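Swiss-Prot has this to say about the protein:
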type: DOMAIN; residues: 1-217; note: domain 'YjeF N-terminal'
type: BINDING; residues: N48, N49, G50, G51, D52, G131, I132, G133, Q134, T135, R136, P137, D165; note: (6S)-NADPHX binding site
type: BINDING; residues: N49, D127, T168; note: K(+) binding site
Amino acid sequence: MRAIENAAMAAGRATGLQLMERAGEAVAAAVPDWPAPRLAVVLCGPGNNGGDGFVVARLLAGRDWQVHVFASGWEAVFPELGPPGPVRAREGTDAVTNARRWRDEGGSCRPLTALAEVEAGRILVVDALLGIGQTRPCDDLLEPYWRARDGWDRAGAEVRTLSVDVPTGFDCDNGVALARRPFEADLVVSFHAEKPVHARLRAAGVTVAVADIGLSS
């Protein structure tokens, strides 16, 4: 996928920033197909998947959604997240550009550990923590989400879940679980073409949509 993106950029068909914007637009466009939630909770990791998440957050906020972003690795852009952790967003990337745009347009960010503060209700959770590059165990990253989710479920919340490209906790290339409890998505919005993991997700009843973001020649 990265080779395809690099080829599209080298050919002048799109910039990385344009591709990220299109990806976020595709995810945001999928949301109206579901019952309208009261609240969108967007989870952003430190890479390009997280950059997509910041685009989604901005676009949903522009449609008058109440949007709360919870993130990991973005302390340089959002000092309120606390001391930097071991994994941080790389300066100069398109993801950082979109995180700053979210901040500059009035958006805020809270640490993942604050997720349990969200009151139970009608909630859309957008998973943009890890994307196609994930290959390592990620239980620690997902633990705050599952702690919050279990509380919402006990309180009778109506929770809908959407993952950007690949649910956090799965290897994109072989579908192997990288966490004891990978993120459970109702819908996955992927880009350009399905990845090997999507066959496993479909077999488990997950809806997978593939969006055209202009990578074809």
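Any Cβ shown, glycine's included, is placed from N, Cα and C.
Counting every protein chain shown, the number of other Cβ atoms lying within 10 Å of the Cβ of D127 (K(+) binding site) is 29. Residues near D165 ((6S)-NADPHX binding site) in space but far in sequence (CB under 8 A, at least 6 apart, same chain), listed by position: A23, N49, D52, G131, I132, C172, V188, V189, S190, F191, K195. Note: the Cα of D127 (K(+) binding site) and the Cα of G50 ((6S)-NADPHX binding site) are spaced 9 Å from each other.
If you take the C-beta of Q134 ((6S)-NADPHX binding site) and look for same-chain residues 6 or more apart in sequence within under 8 angstroms, you find V166, T168, G169, F170, D171, C172, L178. Across the domain 'YjeF N-terminal' (1-217), the model assigns an average pLDDT of 91. In the three-state DSSP classification, N48 ((6S)-NADPHX binding site) falls within a helix.
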